[in-house]
Amino acid sequence: MFRTIQIGAHVLAQGTYIRSFNDGRIEIATGRDSRLAGLPVQPGVSHGTHGGAGQKEMNGKGRGRIFAALAAIGLAFAGSTPAAAQDQVEILNVSYDPTRELYREYNELFHAWWNAQGHAPVTVSQSHGGSGGQARAVIDGLEATVVTLALSADIDAIAERTGRIPADWQARLPHNSSPYTSTIVFLVRDGNPRGIEDWDDLIREDVAVITPNPKTSGGARWNFLAAWAYAERNGLDPAEFVGAMFRNVPVLDTGARGSTTTFTQRGIGDVLLAWENEAFLALKELGEDAFDIVVPSVSILAEPPVTLVDGSITSDKQRAAAEAYLEHLYSPEAQALALRHYYRAWDTSLAAPEDLARFPDLELVTISDFGGWPVVQPKYFGDGGIFDQIYEE
Amino acid sequence: MSDLALSRPAAVTDEPRATRYLLIGIVLVLISLLLFAPLVAVFSEAIRQGWAASIEALTSPDARSAIRLTVIVAAIAVPLNAVFGIAAAWAITKFDFRGKAFLITLIDLPFSVSPVVAGLALVLLVGANSSLGAWLVANDLKIVFAFPGIVLATMFVTFPFVARELIPVMIEQGRAEEEAALTLGANGWRTFFTVTLPNIRWALLYGVLLSNARAMGEFGAVAVVSGKIRGETTTIPIMIEMLYNEYLSVAAFSLAAVLALLALITLTLKSLLEWRHADVLAATRRH
């Protein structure tokens, strides 16, 4: 059972319930080898309304301890700095491709919530692109306040090359800093004319596969690993299998959204390897009668992490806002929003039942089965790595 | 010069009428297929959900800021390029010096180099990982992924237009008029403003218009250095791609229509000036 707890002034965490303490706190498991204890947050009591998050007004009543504490902080801010209203706090969220719709709504949700605490308004700007390319841009000087990328290896690259993010960033927020997860599924044309059911259909000669380039796209790296995992499970030579699959790829776009448009708008290919959320979004935007989702027998648990770029922070106020921006992603409201945008979020307490019912059950391998991103990134996707060897053939 | 106009032959072709109409017909068909059909498609897609939706998309803060940014970038890049173009053309056509051929090649460089390479070169030169970039970051001067980078990238790709238009005209006109002015005692500036500039103004205008069209429409080089920050560093072409990727086709095509309209206005302006000053144009035998 998932529970949400409060572990700091505005830090929330979710995880499976482990035990209760005498003082009312409970302990939860938040990902691998990670446990947190804190006061439980009762959905519906302290977190008020649920509904169209984009336009919703925070009603403020019955919000309990968290907001009282936050209001106090807000007042303290306002009191100590009379010029608070004038100097605008800005956050630049550098994100990957498929999160456009999610963050557009989340920014409004955060804005309303943040203002309700009595803080000076925060301007959140968004930048989207292929995850690897976005990390590259941050390394080259794009001044991200927070990065919300497709996989931790891209954030590791920023941490390693610029030193603007501490090396242990992934332990800073619950669930390996991934407020939502997803997986990789197949999007096929209506009625599945090629009869694509599982990964082994993708190496058939009559099937054209659309996936972005694993060098620049995070989603593509998850695609690659999911295919690899399938081959391993089924006693096939993974390098040969994935190689055969990539020989069926006519276009390698740089980002997930580019691949989706290649498949859906330009009509190229028979199957798109897509983020589950991206596949659902394509169905919603382009009509359920145009495409079908095919769920393979095995896929991968994709964890898109978020973190603060410490090196870009210019003021305490900006830091507070940016930290709250990321932490609030774990709030039941934001989690419900993520679920509505087809992400597999952790806290389902405020989610609409139809948003939950949509996710198929499937066997998910995790990145730790591959040894974690620090191992996987150089081995598979580094210069001269397995992807390079496969693709050169 | 007037004798030249008079001695012009009445007709240089004596092909049968059918051949002429066939050729003209082929050209018209090609033009409508390659030029008009895409334009019509853009405009019809823009108003697919009615004018209201289109106008609403264009008045959104992001779209407004994209239009503003594009116009400001062009307003900076184009005049600067006009000045550089005149200086380059003046130096190349009115003086002899070593390395002239090399300079001409260099001016053409932005035509032959892919815009993406241009953008990447800028990132390499002033990005956070270069020594110059590190100094800029330390002094809180943002170049790449900010406004100055977009202006620089735009200037790079539009650099040759003005010079390329001016050089042939100035070669054709030779140096005799300037030399005469100088012998009559005019100084350099006076010679330029009273002799050279009037001779080249139509070519200059044409170069500026082309330069402007490219500056507003540039995608590749700007995409590399923009950082794609919504509402801040997104020019119209980048915003169009972004909106299209977000399944907002009405907004994307409305903005595309604005870009096409800006181009059409530029062309109309050019035609209008040509029409009003037809006599001067005929005299200079240019355009």
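Every residue gets a Cβ built from N, Cα and C, even glycine.
According to TrEMBL, the domain 'ABC transmembrane type-1' annotation covers B:67-274.
When Cβ-Cβ distances below 8 Å are used as the criterion, the transmembrane segment (B:21-47) is approached by residues 54, 249-250, 253-254, 256-257, 260 of the same chain, each at least six residues removed from its ends. The transmembrane segment feature in TrEMBL is assigned to B:21-47 (among others).
Residues annotated as transmembrane segment in TrEMBL: B:67-92 (among others).
Counting same-chain residues at least six beyond the ends of the transmembrane segment (B:113-137), those with a Cβ under 8 angstroms from any Cβ of the stretch are 143-144, 149, 152-153, 156-157, 218-225. Annotation source TrEMBL lists transmembrane segment at B:113-137 (among others).
The list of residues near the transmembrane segment (B:143-163) in space but at least 6 beyond its ends in sequence, with Cβ under 8 angstroms from a Cβ of it, reads 69, 73-74, 76-78, 80-82, 84-86, 88-89, 92, 107-111, 115, 118-119, 122-123, 126-128, 133, 136, 204, 207-208, 210-211, 214-215, 218, 220-222, 224-227, 229, 233, 235. The transmembrane segment feature in TrEMBL is assigned to B:143-163 (among others).
If you look up TrEMBL, you'll see B:247-269 (among others) marked as transmembrane segment. Here the transmembrane segment (B:247-269) has long-range neighbours at 39, 42-43, 45-49, 53-55, 57-58, 60, 63, 66-67, 209, 212-213, 216-217, 236-237, 239-241, meaning same-chain residues at least 6 beyond its ends whose C-beta is under 8 angstroms from one of its own.
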